[in-house]
Amino acid sequence: MATFKDACYYYKRINKLNHAVLKLGVNDTWRPSPPTKYKGWCLDCCQHTDLTYCRGCTMYHVCQWCSQYGRCFLDNEPHLLRMRTFKNEVTKDDLMNLVDMYDTLFPMNQKIVDKFINNTRQHKCRNECVNQWYNHLLMPITLQSLSIELDGDVYYIFGYYDDMNNVNQTPFSFVNLVDIYDKLLLDDVNFTRMSFLPVTLQQEYALRYFSKSRFISEQRKCVSDSHFSINVLENLHNPSFKMQITRNCSELSSDWNGACKLVKDTSAYFNILKTSHVEFYSISTRCRVFTQRKLKIASKLIKPNYITSNHRTSATEVHNCKWCSINSSYTVWNDFRVKKIYDNIFNFLRALVKSNVNVGHCSSQEKIYECVENILDVCDNEKWKTSVTKIFNYLEPVELNAVNYVLFNHEVNWDVINVLVQSIGKVPQILTLNDVTTIMQSIIYEWFDTKYMRNTPMTTFTVDKLRRLCTGSKTVDYDSGISDVE
């Protein structure tokens, strides 16, 4: 049973402010949403369950019940999830404001406790203090948070998350910020709250408090393509595809970590709520995470035998060849940019092999084939450079003045010629390892310049950033026929 969810349900009834702030989709009428098998904690209601993707950032962090309100931790509206979200440097004052917000929304005094106990005892057979009947009173104030890093910005989503040892398939990791605050000060806050509870409930409260306030922070996770909506991943092969997201917005102050202070001024809070509206954004899929996914898929479909072949057609246009024909039914080939990169990389590699090694036909079994498997995934820089070095060494370079050279006297297509001229200024007849690396990088960077790409898509930007980019029309990609270089 989700403690935070129960606390919101019961405390929502005590006043007008709580009724507005503690309204959760999981406690209201359920509206169906796409079912998924991603396990983790819903950031909105803090329960561990199956998650669906958020309409604000396309990541999996909301349950199918809470998704009806479309709340995202990156919103610009002072809903409870946003007020519990802190960013980058979190100070002791910020945490004091958070504790004050918890104390305001979930007050614990004799009057409140007696009221909840009396309401519970009106039901049949509920005269005893059983934990499940008073779960809402057993939520301690902790500085437990789920954290994520998105392109240099670190976000902390505070809450009370049960069962921390459960399966977590999200990019969020548990972080404990109690040391920034003060353990003894937080102990005092909770012991005071606990003193109003019946003795039979105090032990359970104490156990929950210490288990959630003394844990060791987890190592931060890396965001990967699997953390985003499957609907987005299935459309990445379309260069003109745009992600459609919605954000809840209002005239909220630019002081990100100060949003939780709004509950101290009820009139100011409701005035800001009056400005609430939804903004829609059309976002490009261009980012390192999605680009690497496409290049990895293409890498699994590589037919390395082409680099020793005599085919007159480009690598993706070879048909009826047992060793060189690719499986064109995969949707990754619908992206003409991936096909261009594949064709030009293998055209260049074939020219290198034909210039330096005596190999006559694509049916021959060569050791160099093993080196070509990772040649498209330039995002994994170390592994990619290792592959290029192995290919270069296979060509049996000649050493001259402490520099190794290979020949380059085989024909290449016009696209590769243009890359040669742009990258090293001419069409050479000998190449160094550095030249080969530069040329192959240029072939890929012409379409996917990963050096200057964001790691995650712009769906993970704050509303302020999205608005600035929208003003300059930069939230959408270039026309599908234009490369990064152009």
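Glycine residues also receive a Cβ, built from the backbone N, Cα and C atoms like all the rest.
The region 'RNA-binding' annotation in Swiss-Prot covers 1-81, and the record cites sequence analysis as its basis.
Annotated region 'Zinc-binding domain' per Swiss-Prot: 42-79, in sequence order. Taking Cβ pairs closer than 8 Å, the region 'Zinc-binding domain' (42-79) reaches residues 2-5, 8, 21, 23-28, 30-36, 85, 146, 155, 157, 159-163, 166, 169-172, 227-232, 243, 245-250, 252, 259, 262, 269, 272-273, 276, 278, 457, 459-464 in its own chain, all 6 or more past its ends.
Taken from Swiss-Prot, the feature region 'Important for cytoskeleton localization' covers 82-176, and the record attributes it to sequence analysis.
If you look up Swiss-Prot, you'll see 317-486 marked as region 'Interaction with host IRF3', on the strength of sequence analysis.
Annotation comment: Swiss-Prot describes 479-483 as motif 'IKBKB-like degron (ILD) motif', evidence class experimental evidence.
Summarising the annotation, Swiss-Prot assigns motif 'pLxIS motif' to 480-483.
Helix, strand and coil counts from DSSP across the region 'RNA-binding' (1-81) read 24 helix, 16 strand, 41 coil. Secondary structure of the region 'Important for cytoskeleton localization' (82-176), assigned with DSSP and counted as helix (H, G, I), strand (E, B) and coil, comes to 35 helix, 20 strand, 40 coil.
Mean pLDDT for the motif 'pLxIS motif' (480-483) in the predicted structure: 46.
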